[in-house]
Every structure is written in C-alpha cells, then in structure tokens.
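Chemist: One structure is given below, represented as structure tokens, and several questions about it will come after.
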C-alpha cells in the first residue's frame with residue numbers, strides 16, 4: 001500500500017486488502033470445499049472408508065476363522081440379546097453370535113465383506129475402464145462411432161439379470177477348474193458384472209468427448225501438432241473425469257448389489273465361502289427364530305450401498321462447476 | 001415421426017435376431033443333457049428318437065433356425081387359433097385351424113409347449129409386478145412434485161433420504177425384513193403368495209389384497225425411489241425457467257402454475273423413464289418373486305435354469321429382450337410425441 005494513511009477511514013480503505021492475497025485456489029480444493037458441505041456425502045465417504053478398513057484390517061484383529069465349524073456353540077445369539085433376555089445363549093467370545101453350524105458371525109461378516117467389496121471394486125474398475133475406452137474411441141474416432149454405439153445399444157437391450165444367471169450357471173464349471181472354486185467364481189462374477197454394466201459410462205463419456213472435441217483448446221492442441229493419443233490423455237480424459245467418477249460410484253453400488261443378488265439366488269460363491277448375500281440367503285429359512293442373522297448382513301449391504309450412493313450424490317454436486325459456486 | 005417409428009421398428013428386428021442368436025449360441029455351451037434322466041435300459045435308437053423329439057441332436061445352426069420358425073411362425077399360428085376358438089373377444093370368428101400339429105418349442109422339464117407355461121405364469125407376474133409399478137408411480141409423483149416445490153424443506157430432506165434408502169436397500173433384504181415384521185411378528189399378511197387362490201367373493205378378494213401387499217410393497221419401494229428422484233430433478237429444472245415467472249406475473253394462481261405449466265413440462269422426461277423401466281421391473285422381479293414364492297415368469301426362469309431346461313430359458317430370456325426393445329421404442333416415440341421441440345427427422 002503506497003497511499004498515505006488518512007485520519008478517518010474512507011470507503012476506499014475498507015475495500016483495500018487487509019493482508020497478503022490468498023494464493024490462487026486449485027480446482028480440487030474448490031471441489032473438496034463443496035464436497036465437505038454435503039453432509040450425506042461426508043457421512044457416506046466416511047462410512048465407506050470405515051467399512052473398507054474394517055473388512056481389510058478386521059480379519060487380522062478378529063482372528064477367528066470364519067469357516068471353522070464349532071457345532072457345540074451353534075445358534076448363539078448376539079451379545080446385545082442379553083440386555084433383555086437373561087437366558088439367551090450369548091458370549092463375549094462370539095459378539096455377533098454364531099450360525100446353525102457354529103460359525104462366528106462377526107468373522108463371517110468381515111470375511112464376507114471382503115469378498116463383496118473386492119467383487120464390487122474389481123467389477124467397477126473393469127467396467128469403468130472398458131466403458132471409458134469405448135466412449136473415448138466412439139467420441140474421438142469418427143469411423144468407430146457408429147459401430148461402437150450400435151454395440152452399446154445392443155448391450156443395453158440385453159436382459160441383464162437373466163443373462164447373468166444364465167452365464168453363471170453355464171461357465172461355473174470350466175472356470176472353477178481353471179482358477180479353483182473361489183477364484184473361478186470371483187473371475188466369473190467380476191467379469192460378468194463388468195461386461196453387462198459398462199454401457200452407461202460409455203454413453204456419457206462419448207457425449208462429453210463429442211462436445212469437448214470441438215472446443216478451442218482441443219483445436220489449438222491439434223494446431224500445434226499434438227498427437228491424437230496425447231490429446232486424449234492430456235486434454236480430454238481430465239475433462240471427462242467428473243462424470244466418470246460419478247458413474248464409478250453408481251457402478252460400485254450396483255456391483256455390490258448384483259453380487260449379493262447372485263449369492264442370494266444361490267448361483268454365487270461356493271456354499272462354505274461367506275459373502276453378505278449368501279449369509280442373508282442362508283439365514284432366510286430360520287429368520288423367525290434368528291432374525292439377527294438376516295438383519296446383520298442385510299444392514300451391511302444396505303449401509304454400504306447407501307453410503308456409496310450418497311458419496312456419488314456429493315461428488316456430482318462437487319464436481320459440477322455450475323453448482324459449486326453456490 | 002411416423003417414418004422415425006417405422007425405421008426404429010425395422011431396426012429392432014435385426015437387433016432382436018442378433019440377441020436371440022447370441023443367447024442361443026451361449027446356451028449351446030451349457031453342460032447337461034436332457035436325456036440324463038432316461039433309464040439305461042432304453043435302447044439307443046429309441047433314445048435317438050426321443051432326442052429328435054426334443055429338438056436336439058441336429059447341428060446348432062439348424063436348431064436355431066427351427067427355434068426361429070417355431071417362435072415366429074408356429075406360435076403366432078397357435079395364438080391366432082386360440083383367439084378364434086376360445087377367446088371371448090374374437091371367438092365369434094370361424095376357427096382358423098392354422099396350426100396342424102407341428103412340433104412347438106418344448107420344455108425339457110414338463111415336455112409341454114413352453115409358450116403354454118409362459119401364458120399360465122404371466123397373470124401372476126402382471127398382477128404383482130404391474131400393480132407394484134402402478135402403486136410406486138402413484139406414490140412417487142406427488143412426493144417428487146412436492147419436494148421439488150418446497151426444495152430443502154423438511155419434507156424434501158426426509159423424502160430425499162427415504163428415496164435414497166429405497167434406492168440402496170436391495171429387494172432380497174426388504175422382502176425378508178417385511179416378512180419378519182408383518183407376517184411373523186404382527187401376523188397381518190401371509191408370507192407366501194398363494195397363486196391357486198380364486199377370487200369369487202369379498203372375503204377372498206380381501207385375502208387376495210392381503211397377500212399382494214408385501215410383494216407389492218417391496219417392488220413399489222424401488223419404483224418410488226427411482227421415479228420420485230427423476231420427478232424432483234425434472235421439476236427443479238423447470239421451476240426456475242422464465243416461463244414460470246411469466247405465468248406467475250400474469251397472475252395465475254400457484255396451483256395452476258405448478259400443476260399445469262410446470263408439471264406438464266416436467267412429465268416429459270419422467271414418462272420416458274417410466275416406459276424405460278417397465279422391462280427392468282420384470283427382470284428385477286425375479287428376486288422378489290423368489291422371496292415371496294410367487295410363481296410368475298421370474299420364478300419360472302430360475303427353476304428352468306436350475307433344471308437345465310434350455311428351451312424354456314432361451315424363450316424367456318428372449319421375451320425379456322423383446323420387452324426391453326419394445327419399451328425403448330415406446331419411450332423414444334413418446335418423447336417425440338410429448339415434446340414438440342424434439343424433431344427426429
């Protein structure tokens with residue numbers, strides 16, 4: 001400030017900067033600030049982090065084998081049943097109780113969560129990669145556009161759940177022989193979910209790329225001789241990142257639900273291998289006597305999906321520059 | 001518009017043919033033999049004849065061609081015959097007798113025509129799933145409209161939260177949960193849908209409604225969640241438009257502004273979403289039908305899959321694909337009809 005200080009404050013002075021200017025804000029800082037305002041998204045992100053950590057680290061802390069049969073301690077109730085029923089068969093060594101074969105429920109929830117989350121993340125990443133590739137190719141390469149979009153339309157008109165069921169029953173045997181019972185099923189379920197869920201991403205990415213392609217900065221990049229591959233990598237992909245991230249959250253949610261649905265219908269992982277959907281399906285027959293066995297895995301699935309959906313909601317708001325200013 | 005519709009219809013035929021081809025070839029890979037249950041004492045030549053009668057034993061392409069002929073040529077004939085012979089609508093026409101006893105698509109489970117079984121199962125699915133869809137839409141629209149009109153109010157916040165929950169809880173959890181609460185603890189509704197139940201007086205109608213409530217609730221929760229989110233977003237898009245301000249400035253009452261001007265414009269995308277979701281409701285109902293033991297199409301598909309009944313699986317999956325293609329077409333056409341700004345040609 002070079003102006004001399006005056007005795008009485010003037011309006012001009014009030015407009016002057018009090019301190020040094022804030023450093024320029026990056027886009028991601030803006031996004032984070034907007035994201036933080038969305039309470040549901042913060043809660044969702046936090047819960048997703050918590051449950052991911054729990055299923056990753058949990059089995060090392062709670063070192064009970066989820067598949068170990070302990071028939072003497074079968075049908076134990078969760079510990080909180082002791083609050084209202086003093087005769088209930090409970091024990092601190094089995095806080096969530098045991099099932100009809102004496103397997104520890106807490107260990108099963110953790111182990112099953114591992115499977116469900118692994119399937120969800122793997123299928124989501126795979127379908128995002130394929131969807132983005134198809135979308136970028138269709139949007140950027142004019143010759144490929146027609147055929148790729150017809151292919152997308154074709155996949156969109158496939159009946160997904162019936163086909164999933166058909167494919168699982170058909171390819172179960174060969175893949176089990178190739179990768180082992182659990183590995184084969186994992187490959188199969190991840191592959192099938194990815195194959196049947198890449199289309200929305202491809203459509204969104206293609207639309208955005210088509211719009212971006214005509215913008216000045218792409219024309220400029222082309223003019224200075226940037227190779228097409230470099231244009232895609234440096235200029236187009238960062239600009240379509242936000243719709244991709246939003247559809248990633250949706251993809252994660254649907255992948256977790258689809259895996260549980262397959263397990264529920266009895267075409268998922270082998271019967272001694274816990275997943276949330278399978279725990280739920282196994283417990284349905286005895287849900288009158290032991291409702292908690294249905295409710296615990298059900299709540300685990302629902303809360304995870306709910307938090308992922310809220311995360312997606314918040315991301316959509318935070319990544320949209322039109323909403324971000326408000 | 002008409003040329004667009006015709007073009008899309010023509011384009012739908014190769015799409016459906018391709019889909020059916022893919023599904024057929026996929027099913028050819030299936031392990032399992034329909035003759036596995038036949039006793040070993042049956043001589044090989046008899047076995048071969050039985051194989052022929054079931055339509056297996058020929059090369060896959062021939063089988064596919066035969067399936068096409070059966071589905072697109074013989075089944076319509078049977079249907080027309082039925083229309084002119086037994087139905088009340090066209091029964092006065094002379095019996096056409098187009099069908100001369102050729103081999104139809106035969107289920108390997110029951111050895112009876114697949115289409116007959118499908119026709120038997122369709123009413124149950126339509127009753128439960130269709131009713132759930134209608135109920136879901138009827139609940140969703142007012143919720144969406146009001147929560148958009150009072151954005152960020154308590155109603156909007158709680159409505160958004162509830163739809164988010166409905167969005168996130170899978171039907172295989174809500175189904176058992178509702179059964180535990182309403183049929184085990186409270187004992188209000190039966191947990192199993194009795195499809196042999198005949199409605200002939202008020203008492204039986206009451207029972208029919210009671211047994212429909214739980215599956216309808218499960219399915220309607222999903223529909224409500226989806227549709228009301230779309231409705232809210234679409235209303236919000238329109239509420240800030242200039243024409244709404246003009247309508248208010250003209251002195252129109254708030255009810256007319258919202259219910260006539262905004263609502264009509266907001267319904268355009270919502271109606272297409274409603275049309276697009278009809279087939280996915282059929283597909284998604286597989287789980288709900290399984291939970292409540294409704295013997296509809298979805299349950300038929302599951303049992304056919306487990307019993308390795310390939311003709312049944314093939315035909316059912318194809319029916320689902322046809323539904324998807326048709327409703328996509330309907331959605332596109334509706335969009336063009338409702339919104340005069342859309343030009344397809």
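Just so you know, glycine gets a Cβ as well, placed from its N, Cα and C.
The model shown is predicted, which means the values in this text are computed figures rather than measured ones.
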Chemist: Could you tell me which of the ranges A:91-113, A:183-205 is annotated in TrEMBL as transmembrane segment?
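Modeler: Among A:91-113, A:183-205, the range TrEMBL annotates as transmembrane segment is A:183-205.
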Chemist: With TrEMBL as the source, identify the stretch among A:20-38, A:153-171 annotated transmembrane segment.
Modeler: A:153-171
Chemist: State, in range form, which of A:41-62, A:153-171, A:183-205, A:294-312 has the highest count of Cβ pairs under 8 Å to the transmembrane segment (A:118-141).
Modeler: A:183-205
Chemist: Looking only at the recorded stretches A:153-171, A:183-205, A:240-269, A:294-312, which one has the largest tally of CB-CB distances under 8 Å to the transmembrane segment (A:41-62)?
Modeler: A:294-312
